[in-house]
Amino acid sequence: MSKILDHINFPTDLRRLSVEELTQLAQELREFIINIVATKEGHLGASLGVVELTIALHYVFNTPKDLLIWDVGHQAYGHKILTGRKEVFHTNRQLGGISGFPKRSESEYDTFGVGHSSTSISAALGMAIASQLKGEDNHHIAVIGDASIASGMAFEGLNHAGVTKANLLVILNDNAIGIDPSVGALKQYLTNVKTGTQQQDNIFEALNFDYSGPIDGHDLPKIITELERLKTVKGPKFLHVITTKGKGLKQAEEHQVKYHSPGKFNAVTGELIIKSNLHQPPKFQDVFGYTIVELAKQNEKIIGITPAMPTGSSLKYMMDELPKRAFDVGIAEQHAVTLAAGMATQGLIPFCNIYSTFLQRAYDQVIHDVALQNLPVIFCLDRAGLVGQDGATHHGVFDLVYLRCIPNLILFSPRNEIELRNIMYTAQLGLQHPIAIRYPRGRGTLLNWEQDFKSIAIGTGICLKKGAKKAVLSIGSISENVSKALDLMTKKQSLEISHYDMRFIKPLDEKLLHTIFETYDSVFTIEDGVINGGFGSAILEFAAKNNYKTSIKVLGIDDDFVHHGTIQELQQQCKLDPEHLKNWFLN
Ligand SMILES: Cc1ncc(C[n+]2csc(CCOP(=O)(O)OP(=O)(O)O)c2C)c(N)n1
Ligand SMILES: CC(=O)[C@@H](O)[C@H](O)COP(=O)(O)O
Ligand SMILES: [Mg+2]
């Protein structure tokens, strides 16, 4: 039987349908998303939850003239499929395929590039003010989730919008969960609104928004009627919509955390296709999670902090075992950093775990609140380096550069699980400075990683392999590719090359560097971050300062954004895979 979706490529097509047909389309769109995500992987629950809302928005509003902005954008799969990308949706997040997030270069319907949360209200307000100034009468709609609206940036946008006459509609997609359960007082407020037990004034009305809702976000006719009404209301408007994350797939509704981004699953039954963990090295995240619990049981000053990523970072283990000492503060990176700083002033030892890419949002807090006051906060920067399919918005490739320039901050990158454990151990023994420990997404290399702790002397690198002529200096887990590159060489070739794991980008092991520059004809540096200002730059600066004339080749990520693909594919693209490294070292 022919499907309605077969005939829908753009919103103009769906605007010809009856409301009954739209309901059928919603069913088909869900199936389409499920079928493709089941094999290609990606974010699932969020897109399933907004199927009706997506259809209603494109039905009622004149997109792309009316500007629609999806916050984070992980929920925009339906939007992509209905705006010209149905035929290429199977390439979602794959190398050379479409992005998992809205992206301006991909479609005129993607009005704003997203990936990091809570930007939609500011962006939509900016567009609305621009339209006003240009004398245009189009609509501007920000769709934001209940976890994302609790972030500082979103509040800043609401605060400004409320004193404008901008033609702005903020739609709160409230499914009462982020990746993990939503947290905080605003979440409680929204629950009270939903259950009718809210006693105080409506927050959004108090901020001068025309508030409506809460309405059932799966009731298509109701949403359409409400959006039609809102189209006629002037100034800033706020619609509160209640949805179910994972709607339409039983397992995704019942296990919303897991099905946020479930990996491969059976499209018919919803069952996950689970890869065995047996005889596999652990994920760095789990090493962090188990180690912090182990250390915290011995040292009562240790605190764990995550801004909204307890499952992803594995801080969840500590939250389960030591709930009074582990905090999920919601999507609030800036707050997480300054909260840690406050705790450190009182003698606590905060481990503040933040994805490298999301720490970008708390840069001033790292400098002003932590480093300037030299407070011994321990930053654990997860997802450092290339992260894979999330792509350009999420790669943690800038941290070495943006952290290296900050006085007082120690910067370390473990090459393996044991080094991660040992630096965590060392850090909680009592450092005189803050430290950032950056490690990658995914598995390490060791099966026997649960060894007794040994402290690491700050500012020391180590030699992993001795050779005669050339020295390769690596930082962090990319060291594994260097070892593999050496394995690809003939014995004679490999005998020429030494390999050092410098471990600390700051302070550099200057004693070791003097030995290296006095010994070898040429030096290679390698890092899984951008090279303009990172580890290689630090080595170049050292060599220049000390008048070494040795040839230095800096390997890493060029001055460009890296898009999506598997980590292996992207390493090849950046010429950081073992084969390319071998060629660099031999030529
Ligand atoms: C600044 C920032 N911090 C953290 C994240 C990771 N993250 C992506 S989606 C998400 C939860 C979003 O929840 P919500 O806004 O409620 O949307 P839902 O997934 O429920 O639709 C989080 C924490 C992010 N993308 N950006
Ligand atoms: C949309 C978003 O920001 C998160 O869902 C992110 O994709 C999580 O990344 P990990 O899968 O690496 O935890
Ligand atoms: Mg939510």
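Note: Cβ is positioned from N, Cα and C throughout, glycine not excepted.
Residues or ranges marked as thiamine diphosphate binding site by TrEMBL: HIS74, GLY115, HIS116, SER117, ALA147, SER148, ASN175, GLU333. Using a 10 Å Cβ-Cβ cutoff, ASN175 (thiamine diphosphate binding site) registers 23 neighbours.
The feature Mg(2+) binding site is assigned by TrEMBL to ASP146, ASN175.
Per TrEMBL, the feature domain 'Transketolase-like pyrimidine-binding' maps to 282-447.
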(message) For the domain 'Transketolase-like pyrimidine-binding' (282-447), what's the mean pLDDT in this predicted model?
(response) 98
(message) Please give the maximum pairwise Cα distance, in Å and rounded to a whole number, for the thiamine diphosphate-binding set HIS74, GLY115, HIS116, SER117, ALA147, SER148, ASN175, GLU333.
(response) 22
(message) Quiz question: given the binding-site residues ASP146, GLU333, which has the greatest number of C-beta atoms lying within 10 angstroms of its own C-beta?
(response) GLU333
(message) Excluding near sequence neighbours, so keeping only residues 6 or more apart in the same chain, what lies with its CB under 8 A of ALA147 (thiamine diphosphate binding site)?
(response) SER117, ILE177, GLY178, ILE179, SER182, ALA308, GLY330, ILE331
(message) Return only the integer: C-alpha distance in Å from ASN175 (thiamine diphosphate binding site) to ASP146 (Mg(2+) binding site).
(response) 7
(request) Among the binding-site residues HIS74, HIS116, SER148, ASN175, GLU333, name every one whose Cβ is found under 6 angstroms from ligand 2, counting any of its atoms. (result) HIS74
(request) Using Cβ-Cβ distances, find the residues under 8 Å from SER148 (thiamine diphosphate binding site) that belong to the same chain and are at least 6 apart in sequence, listing them in sequence order. (result) ASP71, VAL72, SER117, SER118, SER120, ALA154, GLY178, ILE331
(message) Which binding-site residues from the set GLY115, HIS116, ASP146, ALA147, ASN175 have a C-beta atom lying less than 6 Å away from ligand 3?
(response) ASP146, ALA147, ASN175
